[in-house]
Amino acid sequence: MDIILGVVMFTLIVLALVLVILFAKSKLVPTGDITISINGDADKSIVTNPGGKLLSVLAGSGVFVSSACGGGGSCGQCRVKVKSGGGDILPTELDHITKGEAREGERLACQVAVKTDMDIELPEEIFGVKKWECTVISNDNKATFIKELKLQIPDGESVPFRAGGYIQIEAPAHHIKYSDFDVPEEYRGDWDKFNLFRYESKVDEDIIRAYSMANYPEEFGIIMLNVRIATPPPNNPNVPPGQMSSYIWSLKEGDKCTISGPFGEFFAKDTDAEMVFIGGGAGMAPMRSHIFDQLKRLKSTRKMSYWYGARSKREMFYVEDFDGLAAENSNFVWHCALSDPMPEDNWDGYTGFIHNVLYENYLKDHEAPEDCEYYMCGPPMMNAAVIGMLKNLGVEDENILLDDFGG
């Protein structure tokens, strides 16, 4: 009898707790449709169910806000102004938003929970962002760890981007084996040396990442990207490999790939100042886009130079492109510096890190380095070294332009 009574009491307690939870949910969790008002324009308003983050809710309604990290809160690009309904700003947002900006309603869309009616403001250019399903034309190694992905835009469509701009790529959930990658024999030495073919990328949900264009606007009908494979660091091989770069490296001719855009803010200034471009690794992409745009589309007569850092001759690419531009344009020169040339390279050009090479062979004796405009994209260590060198030369922040995720 005591056992039966105990079971009954336990059951009643469980039922009571369930009822309490259901009651609390009915009071605390919003239900029914909510309205997101945008820019005070009724035609742009979104009616949706509560739940999820503002970034994904907007994307689900065809409003694509830039987010280089795919909504992880690390890039700080998905800024919107929330006038009401966004709740309190989160600590994760304060890494990217100042207290003054927060008082004005600045928020990260990826961190704002959609719980109630909201009133937000978005830049008008966001409504020009579109989504396309593209076809892979080619996906070839340009260096040991860099592929050039070339995508065909659907017939009759165009991506109205500016040089230095970027698009976002969507990758579905996937299980990709590095052993299936198409890596030409000339590049396989390092892959075998570091046992990279053992890695696999397992992703359980769709992801989005941003990549800068390597083509310029008058290379019509295509999108061209330089994508470095993000392998685990040698000192921590158990870290998962890069999700998006693994997906992109797996793409083959004829595959479909979804992109959205265009986005961007890494644009050239409309001045007559000298332009100095500095790149490394996959940071080649926006440098190529900018330089081709200046010389081929704009027919610019501005003095400009390009300084690219690579490890060895095998890691140099687009050499013929830039040699051709230099031969055709007396106002343009370019230089490559190798940090670790191989004996078979027979290299007689510049050696060392690109910031040192640029300083020792050009800026040290430049009559006014502070008057130049510097456009750079490369690995974080390169960017930091170049910026430090420029600061020591007295270059102001407004003349240092950085693409911070192309490398």
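Placement of Cβ uses the backbone N, Cα and C atoms for every residue, glycine included.
Feature annotation from Swiss-Prot assigns [2Fe-2S] cluster binding site to C69, C75, C78, C110; the stated evidence is sequence analysis. Taken from Swiss-Prot, the feature domain '2Fe-2S ferredoxin-type' covers 32-126, and the record attributes it to sequence analysis. Sequence annotations record features per position, and here Swiss-Prot assigns domain 'FAD-binding FR-type' to 129-269 based on sequence analysis. Annotated region 'Catalytic' per Swiss-Prot: 272-389, in sequence order. What Swiss-Prot records for 3-23 is transmembrane segment, and it gives sequence analysis as the kind of evidence.
In the predicted structure, the domain 'FAD-binding FR-type' (129-269) carries a mean pLDDT of 96. Sequence-distant neighbours of C69 ([2Fe-2S] cluster binding site) (same chain, 6+ apart, CB under 8 A from its CB) are C75, Q77, R209. Sequence-distant contacts of C110 ([2Fe-2S] cluster binding site), defined as residues of its own chain at least six apart whose C-beta falls under 8 angstroms from its C-beta, comprise K53, L54, L55, S56, S67, G71, G72, G73, C78.
Summary: among the binding-site residues (C75, C78), the fewest other C-beta atoms within 10 A of the C-beta are counted at C75.
Per DSSP, the domain '2Fe-2S ferredoxin-type' (32-126) is made up of 18 helix, 28 strand, 49 coil.
Those same-chain residues not listed among C69, C75, C78, C110 yet with C-beta within 8 angstroms of the centroid of the [2Fe-2S] cluster site C-beta atoms are L55, S66, S67, A68, G70, G71, G72, G73, S74, G76, Q77, L108, A109. Secondary structure of the domain 'FAD-binding FR-type' (129-269), assigned with DSSP and counted as helix (H, G, I), strand (E, B) and coil, comes to 23 helix, 57 strand, 61 coil.
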